[in-house]
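Summarising the annotation, TrEMBL assigns compositional bias 'Basic residues' to 19-42, 73-90. Per TrEMBL, region 'Disordered' is recorded for 19-53, 72-125, 472-501. Annotated compositional bias 'Basic and acidic residues' per TrEMBL: 100-117, in sequence order. The domain 'CP-type G' feature in TrEMBL is assigned to 128-311. Look at TrEMBL and you will find 474-501 tagged as compositional bias 'Acidic residues'.
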Amino acid sequence: AELRKASKRLTCHKRYKIQKKIREHHRKVRKEAKKRGHRKPKKDPGIPGAAPFKEELLREAEQRKQRLEALKQKQKLNRQKEHEKKRKLDAKKNAAKITETAKGKESSHKSKAEIRRQPHKNSHKSLCRELQKVIEASDVVLEVLDARDPMGCRCPQLEQAVTCSGDGKKLVLVLNKIDLVPKENLQKWLDYLNKELPTVAFKSATLMKDKSMPDLVTKRRRAHVDLSSSTECFGSKCLLRLLQEYATTQNKVIQVGVVGFPNVGKSSIINSLKGVRACNVGMTRGVTVSMQIVHIDKQRKMLDSPSIIAAPSNSALALALRSITDTEEPDSAAVLEGADAILNHCSKQQLMLCYTIPDFRNTEEFLTLLAQKRGVLKKGGIPDIENIAKVLLCDWTGARISYHSQPPESQTPPPYLTEDKIAEMWDSFNLKKLEQENTTTVQAVKSPNPASSIIFQSAGMTNGTIEVNQVTEEATEWEDMQTSNEGEEEEEDFTESDEEE
């Protein structure tokens, strides 16, 4: 039997008691108001019926009321006329400005044509140019790798350009996000990569104090910020010592370029070494669009660079994880293809445990179940598959999902890394000391349980576009679009000025 709801009725004794309390309260309020001198305004009793000349008095009051309304209406019309006059004056001034700008556009047509030829700061051509600046200006190039897929973060074109430059540049690998992989897997990767190039295990700090923020503000906010172990930095001492050793052998101020694919943590590494938030960081891809110089100390300068552009010839998996385009921009087909590639390279059972969803048959069913679980729905409760696919890509490119890939069974260095080149890269660096410091870093970091980390099949090295002449088609398309847009804007300006005249 169902339980009946409790009745809201009150007993008469309780109701009368409440009413009595209310009356006492109102009496008290009136008494206090009377003491302060605030009295209730008396109502206008009007003209008594027995008063002489009552009709004349009422007529006079009505006439007075009509005069006041007429005066208000007149004032309103005057305000409208002034407003209209002011609007016409502003329109004339704007028309004069438009004619002046039109004349200026005609005179500076050549200079505008030159400006149009320059690529946009976010275009691939501009990003490649900035990346080339960083590589050319650097004495040591740090290639940042995601510890979850180190091989997929390596760019053979970049490594070949640095090792074969002939300027004595050093290439050092920085294995970032080591707190997202099991310790055994991390040690295997360090042993594998150290046989080819100097490799430093690193974990960036997630919460950094802004360099423009005063100390007083940070002290006030410290109580509200959870400074847990995840905000700590590991491996910074090892990396700084490695750069210090090279600086002492060169006996000069060295410039260290930080390069890599999107979302590997290039700017976060610079912030961790500096100790403050010197570079902008974010979850979105392509936050850094130009070279930025950060002074660590008197002997070392860090050069932040834009991300390497993944070549279109790469696999769907590599383009999904390493593409510089943000997940909000590409079409839905590319996003769904990337999500499908990620799911096909993982264990089905581990994905079900990680996302706590039931069994699924294909990618579409997985995305449907995940959208229902997270509440990513359209009108009518239909699962929004496109948006949940973008969320999945953000999880895998960011630092939310713990997954790890196994290093290759056989050690086969790339063709450009000959024995002489490997020896040249290791020159000025101490292998034993580096291995000891990496071991202490690995032991200090809290790593996930191997059972909770998803086993991931890497797609191998990712080809990148680092030369400007390889992206000329993309740049020219952008220039054509810009010129057409500017031409349309000029036509609109001229038509507006003609209409106003």
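From the backbone N, Cα and C atoms, a Cβ is placed for every residue, glycine too.
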Predicted model, mean pLDDT over the domain 'CP-type G' (128-311): 79
DSSP-assigned states of the region 'Disordered' (19-53) in counts, ordered helix, strand, coil: 18 helix, 0 strand, 17 coil
Surrounding residues of the region 'Disordered' (19-53) on its own chain - C-beta under 8 Å, 6+ positions past either end: none
For the compositional bias 'Basic residues' (73-90), the number of residues DSSP places in helix, strand and coil: 18 helix, 0 strand, 0 coil
